[in-house]
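Enquirer: From Swiss-Prot, for reference:
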- Arg189, Gly190, Asp191, Lys192, Thr311, Ser523, Arg584: CoA binding site (BINDING)
- Gly387, Glu388, Pro389, Asp411, Thr412, Trp413, Trp414, Gln415, Thr416, Asp500, Arg515, Arg526: ATP binding site (BINDING)
- His539, Val542: Mg(2+) binding site (BINDING)
- Lys609: N6-acetyllysine (MOD_RES)
Amino acid sequence: MSERIYPIPVDIEKNALIDQDTYQKWYQKSIEDPTSFWGEHGQRIEWFKPYTKVKNASFNDNVSIKWYEDGITNVAYNCIDRHLKDRGNEIALIWESDNPYSDKKITYNELYEHVCRFANILKNHGVKKGDRVSIYLPMIPEAAYAMLACARIGAIHSVIFAGFSSEAIAGRLIDGQSTFIITADHALRGDKTIPLKDNVDRAIHIAACQNVNVTQVMVIRRTSKIIHWVNGRDFWYHEEMPHATPDCPPEHMNAEDPLFILYTSGSTGKPKGVLHTTGGYLVYASMTHQYVFDYHPGEIYWCTADIGWITGHSYLVYGPLCNGATTLMFEGSPTFPDEGRFWEIVDKHKVNIFYTAPTAIRALMGAGDSFVKRSQRTSLRLLGTVGEPINPEAWKWFYHTVGDSRCPILDTWWQTETGGHIITPLPGATKLKAGSATHPFFGIQVQLVDPQGNILKGEAEGNLCIVDSWPGQMRTLYNNHQRFVETYFSTYKGKYFTGDGCKRDKDSYYWITGRVDDILNISGHRLGTAEIESALISHPAVSEAAVVGYPHPIKGQGIYSFVTLMAGTQPSATLHQNLIQHVRQEIGSIATLDKIQFAPHLPKTRSGKIMRRILRKIAANNFDNLGDISTLAEPQIVDNLIANRQNIEEAA
């Protein structure tokens, strides 16, 4: 772990919403008197009927979580209507097309009309409060309209990432018993066209075989390509939009009414439908957005996440819009038409706050600095990372090269299940360490425990748990509360178990070490894959690395590393040996790499996450049953990895 501490920039500290003293006072109050603290901060959103009950939560036995349970509000009203008087003509949403020469700017007044018309189309087709509406759309403004329209009328949306296969869509339709789906004819990403409507048609057929019948399909035109059409079921959004009225009263929603279901992508088994409700989620998403990103009115905020993930829900749509922010949505790829696209968008729209994934950072770092240096990036004030731990080398590149050593990096740790940030720096309150998520957000009581559940004090490494509820927490798994209890609360009684490992250093900074199932057991010694990956990436020749375990006849598990080299660097026996020595030097001899496979590319989803389950199977020579790889951005990469695997002799 890096021990250098990066101070808070003077200009950030001077103007920040939260300074070090405020953080300490608020955090102490949030732990000692959570009812009073969250009762006060619940007022940040508007309520049609104020709450009198703040917190009613227990992690014991059957687990029950309720916040603001007698309050009445509406998420879309808070994200749009309440801003119209003062911000109606200000930009709510900037949309940057896949095409570098095309964009749109939508004001809050325009957003209101779009969402109301969308909501009325849904109502005209019989959608009502409590109905589940599936959304399978690319990153286009209509995706945000669809979410907000559902929230406006009380329908429960289930957004399905537009990179998912027909089988994955069908599984979500079946679990949610959804009979209405919103999709587009196609999606555009880089030089690719993805047939969304075809995927939906196949998914509907699969779902019908399980007695779930989708009766209505709204189609948004993104291209002019011909698509299969079912009369009486399918209808065009653009044909109904002009006839829908531009006003739609917001449904009065109880704070604990469901807002959305979002399915976690497990590698095996039935998908888990994480259920978030209305009041507490919006309080937490908006509060974390405001304070973690130190958001000031008028700033341009860009979260690169897809709306199919929780980050897109909380920090592209709901959090920013609830705060009256200008939020940027990007349809395309960070490498199209070349690796300078992100930085060109930053300059074009004068982005102040930029929030992206470590995988994207590492990939762009590997392309070289020239793509960054041809842009100005002078508008940037804050940088953020999300989705996985960021290794110190990538953190430093992001800080020094992209941020010109002046923009604090907000290394945020949280989950689909948490609704919002859990461990995170605050720009005006937190000195930084490269690769550390730093400290808990308000109201978050974290504990490190050993496998037996013993609480670890001081400098320690263990399993990360949270011992009390917070407003943004998931309430259950849709239609499967028993699985919810077993998955998150049965391992350590009375605690929410995150499934992640974590280190706490001597300064009480927290470092996420990766999923517990990403812990390798090498000759009885536990090693986190994230730690080994960080060591590899710290070598100047390495752009990206992914480490997995594989069966080893002596050690139990061996260390198998997939390595992508910097542009212009060629694999060699010398480099192979240098990397082994480098990791031994960084971590110790126990971390000796058993296999190194040089790979031009790693298998990633369209959201940029490395699909490690595929790498595990290749490393174990179990590649005959890789499962669904249709969610990969480039499925053909897998064939190259299999052909060049390094453990053929073990299999023989």
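From the backbone N, Cα and C atoms, a Cβ is placed for every residue, glycine too.
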Enquirer: Comparing the binding-site residues Gly190, Pro389, which residue's C-beta has the most other C-beta atoms within 10 angstroms in this structure?
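Expert: Result for the most crowded candidate: Pro389.
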Enquirer: If you draw a 10 Å sphere around the Cβ of Thr412 (ATP binding site), how many other Cβ atoms fall inside it, taking every protein chain shown into account?
Expert: 25
Enquirer: Return only the integer: C-alpha distance in Å from Val542 (Mg(2+) binding site) to the residue listed as 'N6-acetyllysine'.
Expert: 18
Enquirer: For Asp191 (CoA binding site), just give me the three-state DSSP call.
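Expert: Coil, per DSSP.
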Enquirer: Spatially speaking, which of the recorded positions Gly387, Thr412, Trp414, Thr416, Lys609 is closest to Arg189 (CoA binding site)? Use C-alpha to C-alpha, please.
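Expert: Ranked by Cα distance from Arg189 (CoA binding site), first place goes to Lys609.
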Enquirer: I'd like to know which of the binding-site residues Arg189, Lys192, Trp414, Thr416, Arg584 has the most other Cβ atoms within 10 Å of its Cβ.
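Expert: Counting Cβ neighbours within 10 Å, the top one is Trp414.
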Enquirer: Whole-number Å only: compute the distance from the Cα of Pro389 (ATP binding site) to the Cα of the residue listed as 'N6-acetyllysine'.
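Expert: With the alpha carbons as reference points, the distance is 12 Å.
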Enquirer: Quick one: of the binding-site residues Gly190, Lys192, His539, which has its CA closest to the CA of Arg515 (ATP binding site)?
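Expert: Given the candidates Gly190, Lys192, His539, the nearest one is His539.
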Enquirer: Trp414 (ATP binding site) to Arg584 (CoA binding site): how many Å between their Cα atoms?
Expert: 31
Enquirer: Just checking: which of Asp191, Lys192, Thr412 have a Cα that is within 10 Å of the Cα of Lys609 (N6-acetyllysine), counting only these binding-site residues?
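Expert: Within 10 Å of Lys609 (N6-acetyllysine): none of them.
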Enquirer: Consider the binding-site residues Gly190, Asp191, Arg584 and say which one has the Cα lying nearest the Cα of Thr416 (ATP binding site).
Expert: Gly190
Enquirer: Which ones, of the binding-site residues Gly387, Thr412, His539, have a Cα no more than 10 Å from the Cα of Thr311 (CoA binding site)?
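Expert: Cα within 10 Å of Thr311 (CoA binding site): Gly387.
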